């Protein structure tokens, strides 16, 4: 049976029908949607509008539910109660008697009819639920006892509770229609719109399937239809018989129905052909149109040259004569067209005599051969809109130039004028929307059809799992915004996830090819019911089977180790007791033991699984994943899309699915745990008697908008990747060092080595820029080819930092080939493991992953064959150093005999046991025996081999680490020899990444935490990644789980406090006072000043609920406070004596931007100060604007050491609702982009007129005068600018005046040889320095941590940007001196102890000045004058900003921005952009010459204006 659709009026929902749906949903598929009326749609032809009819129909189609009783008598009783609830119980006058009757009938009954729930109960309960009088009695406990019992009994049931909560219709609770909830942040109303009188239209051309761009248009029109309780006309634009096809009309109607859009009227443009023709003849007779036979190409050229046609001045009679030829369709008539006579000299090309009618002799699908002339869309549209009563015509901004033509036609014909409302077209990356291009994909067989999930058609995206509700929420979030931007599909899918995540049931599926059995002997074969959704009990329960044998993912099994405790989801903790592998090292099965009493799931691996049981066999399933059809995000205008077609965009995986998958229906959306969301494209079919085969369940992956990798099977392996990388990178240094002949490496090898290194840089750069996959793959392929060539020529693997040596080897080297070969093979396995992990992490195609895994397994098998041991990560084969002298060969360098090797392995294994026990924080009773056994094994090893046991990873690194340690202590010049087991050994273990101490495993050291302290990206190479690392590693920012919101850590907040202290002090000197206004703004207040809030409209965040209760009216979270503060000003100002009012507040604001968030620079919540003043005169306000602007400049220049350009914003860029805006602009040379530092606005009287801030002017008694206002603001963006300008490749560089810590004191030279007395004296000296510096107001911190070396501390505080590092050691104390290291230059200064205070103060001031000077020089070299557009474009592309002659016109500025836009990103991850105006500098670089023209070449220049790319 086809799915039913219940439409519900949210203002008056039929609770009884909704309850019926809840009770029959197990038998019948019924979808519920919101609309303007209550009805049940059974098919296109059958619709029920009467509630009782709906109830009876639902009950009769779901016979097993028993809602309509079990016999004729019960049917009759139910009919009685249906009538009773609709009449007596709904009447105020008869309510008392009706309740008495109901109470009597329920005195001995649980249900009204029979012994089970029926329609009678649903209907009567729903009526009482919506009855205010009954609800009042219930609250006052005045209800009749049996009715109350019965009502409460039903209300407690899940279905009643669910419906009653979601569709609360109690009159004492105001509801908000859910459509309004979708309008989050979009309150732009239609001009002139009146409730109930709005008519909108959706006019598609019947020439193809609707795509997502059409869906936006349709849903926007529906939004205004519903919001204004108006009318939506669905009109087919069939003005072109060549394109119009009847088949597509049916297709489009189906697409509209899929979107749950219900038009009030269906029309065709062809319905009005006669009327349109009469209007055309009217224009001819009035001399406003003429017939032209100019060939098309010539006409196009004339329009471009603004040349009039030879027929433009024809007489009316001549035009009518030619018009008749057109109507006949004669050969001459076919060469003609009817043109409007408007203005051939217009700057708007659409006004240069556009075509109104053309001659086409093809038959029309609806009118046949009746007409030979057909109107153009541009002529027919305004006429039909007027005739059909359209009040508001919604059109995309690409039609903007045609709006003038639209209104000309309306005025020329003297007909009613609709209002055009513009919105932005939906542009999506990696997508083509052209019907011609989409048809090519279908014809080429690259897709399955027009409903292919890769297609942007309505049916395509719905088939891929997009929900109509998700699409509506996305469209509503965009609203009627006019900003034209290219959006990622991720945005849409993220909205969709919000809809499906709370309701999608959770199931399990395992990759069939890689499942591994797990034997759990003590498990019982049984079934339990668990929640389908862990957070939503309404989704219901599902059966989960348990058995002694279960299956898990092979990728998960690879991550396990024996003895590990693993959490099996929906079962509990299980211990892995044994891992069985085949000869190739592949895991074949696992043995496990239940540990269900252990409920600690915090540190365990969580995996999915399926039981082997005959009661519930796994269901075969195919998971299909789709990629973009187009590989390039944005295609250029002239680019051929066929060059960027992704020929491998569909991938399938065969899965073993949850037995519950057999019940899925087509279109059901589920989540496969740890894999993602899927939609059922084809339900499972059991074995067919015809084919003797079962049909698998086909599931299509639904993207969910995430950009970070999801946790998947084997995800634990990713956590191992990092240590493995370190092992492989350090491994070459531990292997045998071949003896090198005196001659240098050959020139050819060196050249090849350099080519490999250069190509490696190319690959890294492409990945950093997130280049197209095919570009990266090509570069990687070339890199691998070069590496293979290098190995062939040199006989060695390419290793970064290890250039080729000569091939000559001594005889002693050749005598030991096996150790080197083993090590080389070990390194190959490690590298191939990295390849496999990377492919899995990137979700590469299955074929690629399989090929890489097979290669890995063959390498492991080869390694085992050669060494006789399994490959173990972190345990490379023992190696011997190749020495030229025979004497050196005799020295033992590791285990040599079979017995020694076996003992070596036992020590290593026992070391692992000890480390694991300590990592798991096992009890001392367990750890001590393990350590004792380890020590005994080490003693045995020493007695057998004569040498101490040393882990392989520590070999050969002592010399290097000794140098490293000496370097760390160089301020003390500590060059004493150190014992083997002292510092160097310990550092060695860190550097190798193995977590082992130099003395072996388990000797009191335990596993050491590995940290990647320094920056791994360079500012000049990958600015975005560098910035991200700086703010996190320097402890400025902590990321938060709400996108666009960040935690300001003390290190960054202290900078804001410094700015706040300075600025607060200065504004108070001016007479400004601090205050605080609420964060919440009413909708009415926010909408008062349209021009002001228009820019903020898309960014406003709304509060719509309190708990689960919808608010009567949504409340905005302030994007700015003008509309909050100024009504209060109006109350406080009564006369001129109440002025001026000068208030400031330090607070947070929320602007829910859709752009890519960037900490400090573009965030959804940020801190700021906002000042708002009101004055009696214009001049007073103007003075304050400049005073505040100068304070902002001082914040940047005196505190942050950043030079700024002071100036005034252009008309386009000024503050919405203000008279003019002044600004300070900073420049970031690393990106070649400017950034707005702070603004100070003169608001004139705009807001005072809106909010009635008036006073009586003493000069003109009796007259009211509006106040003059200004506002000004500075945000935490300042911190981001400071980081970008001063930071370097070592981290932050903090200007001393805002640094949280200006000097950090670090003790050096603490070694084992240092006595306790000297150590304490050194600590005391450090604290003494701290006390002395605090005494002269220097912010200082002493780092006395004993678990970090001095070198580590140096790096740490350099990364955090501390201006000065003070190093002091025992020798410094004896010499009464210390070493000061400057962060800005790295310069080291030796300073006498007695001069500490004075010298450090001087250094700090010098650092502040140096930073400012350096940044000023940077700005000076990057800000130039350009007098032509060509020169300006070159300047922009070289990463500079320029002052150009400019006319100040908004259209001109838009043109400059469009002209200077470029295809390539300004920086990785940043959107492409054109230049925008930054400010009109108060002090330009040069004076404007008289007669100078704007760079556009059209208008005289008014001033030099600073333009550039900007954040």
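Backbone N, Cα and C atoms are what each Cβ position is placed from, and that goes for glycine too.
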Out of 1136, 1241, which is the one Swiss-Prot records at the L-proline site of 1120, 1121, 1122, 1151?
1241
Which range of 204-214, 215-225, 226-236 is motif ''HIGH' region', per Swiss-Prot:
204-214
Spatially, which candidate from the modified residues 498, 637, 860 is nearest to residue 1502 (N6-acetyllysine), comparing Cα atoms?
637
Set of same-chain residues at least 6 away whose C-beta sits under 8 angstroms from residue 542 (N6-acetyllysine):
505, 507, 529, 530, 531, 532, 658, 660
Does residue 787 (N6-acetyllysine) have same-chain partners at least 6 apart in sequence with Cβ under 8 Å from its own Cβ, and which are they?
756, 797, 798
For residue 498 (N6-acetyllysine), which DSSP three-state class applies?
helix
Where the distance is taken from Cα to Cα, which of the modified residues 300, 417, 535, 637 turns out closest to residue 498 (N6-acetyllysine)?
535
Distance check, please: Cα of residue 417 (N6-acetyllysine) against Cα of residue 535 (N6-acetyllysine), rounded to an integer number of angstrom.
53
Tally of helix, strand and coil residues over the motif ''KMSKS' region' (432-436) according to DSSP?
2 helix, 0 strand, 3 coil
If you run through the region 'Disordered' (296-315) with DSSP, how many residues end up as helix, strand and coil?
10 helix, 0 strand, 10 coil
Local backbone state of residue 787 (N6-acetyllysine), from DSSP in three classes:
helix
Among the modified residues 300, 535, 637, which residue has its Cβ surrounded by the fewest other Cβ atoms within 10 Å?
637
In three-state terms from DSSP, label residue 860 (N6-acetyllysine) for me.
helix
What residue among the modified residues 417, 498, 860, 1502 has the most other CB atoms lying within 10 A of its CB?
860
Just to be sure I understand, if DSSP states are collapsed into helix, strand and coil, how many residues of the domain 'WHEP-TRS 2' (821-877) fall in each?
43 helix, 0 strand, 14 coil
